[in-house]
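A.B. asks: Taken from TrEMBL, the feature domain 'RRM' covers 73-141. Residues or ranges marked as domain 'Fe2OG dioxygenase' in TrEMBL: 269-397. What TrEMBL lists as Fe cation binding site is His287, Asp289, His360.
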Amino acid sequence: MQCCGRVAVLHPLVAVTHGWQFKETLQRSPERSGWKHEGQSMWNSGRVVLLLGSFIWRRCHTSRRTSCRSAPPVAFVGGVPPEMESEEVQKHLQQYGSCRVVKRCRGYLYVRFQEAQDLVAAVGAKHLVGGRDLTVEVAKAKKKQWYCEIDPDYPPRIRRLMDGVVHIQNMLSMAMQINIAKQVISLSSARAGFYTPRFEDRAMRLRMFCLGRHWDTQTHSYSDVRSDCDGRPVLAMPSNLKELVEGILSDLKQKCQPMAHKAHFPPMEPDTCIVNWYSTSGSLGVHQDLDESEQSIAAGIPVISISLGSSARFLYHPDHPDIPKDSDGCDGCDAISPRSALLRSGDIFIFGQEARRLRHGIAKVFPRTCPKKLVEVIETDGEGEAGRLNLTFRQTR
Ligand SMILES: O=C(O)CCC(=O)C(=O)O
């Protein structure tokens, strides 16, 4: 410690020579290090100081360079309630100078000022907006951040599969996946939890329960009670899941600037989440999600799906309105070969806009693909294999 302060002001080459003098301080005990000779120990301590000196020198240099560069005039605005429009905050801050909101997150947002002195003036003032006391500080984060706490070792990858269809790989960190899975499994233990629905008189190859509104597989409609099952009221949709969906859409909007309109979905107010649990022999036939309101479908409001646990082969058909349909409304799609995507734990799949009527299904769930940390959380099937949880969020009204 003592030597660090001194070495910090030196160039690494100078530090080598000083290393000889500091050998008493830095020399490791011969028993622990195995260094035998005085000469060698002096050389080694010199090397330690060289490395240390070089490290500190680089740190000093880098921090000097950084501090010389003026920080971008971006304000962090905290205490923003979800219902407050970003424009309202922007308008309020424009009294200090030209500025615009550059990022909106849960509870806070970032505003970029054109002039640094305007930011300084805003930081020193009190901000009462719509009855809320907002805090305005100089933003510390220089990098764009995701709403979701992603795993830095596995950065998300956005794949635009076709217009209106986006697959985001690795979007949710393991911690987030575990939290969501735990929350859903604990909700499913309520009286209105998982059951095996029937579709056209056949048991579906999955178990299901809904949050917000119930999807009746017999009448193909949404209701507030489990009308095709036990008549119980449907469980409420937790606000954190709703916020998660909004956060995913806002992340996508920000991260996909180059794709611009191709990946921008209309704003969404998810009122329903269908939770599916598949065993490793489970599947879901190709279908279209058309039971939501006509307005919701026509506006291209997306269906957002979160995958947790074992991986699955997701099939989708590009929608071809020209292909004649039979009485089931779906036979024509057999003529087109389906495309597929492998959905892994933590992935998000979104379809909306012109692809809102996408035909899709789950062909297969793969055994031995569930991340270890989720095996304990997600229910296992008869074979002891962890299944797959899927949450699809929709705006049904
Ligand atoms: O499990 C999935 O990934 C798809 C679920 C689905 O298509 C649905 O619930 O409509």
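Using the three backbone atoms N, Cα and C, a Cβ is placed for every residue, glycine included.
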A.B. asks: Within the domain 'RRM' (73-141), what mean pLDDT does the predicted structure show?
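C.D. replies: The answer is 90, the mean pLDDT of the model over that range.
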A.B. asks: Judged by the number of other CB atoms within 10 angstroms, which among His287, His360 is the least packed of the binding-site residues?
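C.D. replies: Per-residue Cβ counts within 10 Å for the binding-site residues His287, His360 bottom out at His287.
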A.B. asks: Take the domain 'RRM' (73-141) and count its residues per DSSP category (helix H/G/I, strand E/B, coil), listing them in that order.
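C.D. replies: Output for the domain 'RRM' (73-141) reads 16 helix, 28 strand, 25 coil.
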A.B. asks: So how many other Cβ atoms are close to Asp289 (Fe cation binding site), meaning within 10 Å of its Cβ?
C.D. replies: 19
A.B. asks: Can you break down the domain 'Fe2OG dioxygenase' (269-397) into helix, strand and coil residue counts using DSSP?
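C.D. replies: Taking the domain 'Fe2OG dioxygenase' (269-397) as a whole: 17 helix, 49 strand, 63 coil.
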A.B. asks: Specify all same-chain residues, apart from the site residues His287, Asp289, His360, whose Cβ lies within 8 angstroms of the center of the Cβ atoms of the Fe cation site, ordered by sequence.
C.D. replies: Val286, Gln288, Val303, Leu358, Arg359, Gly361
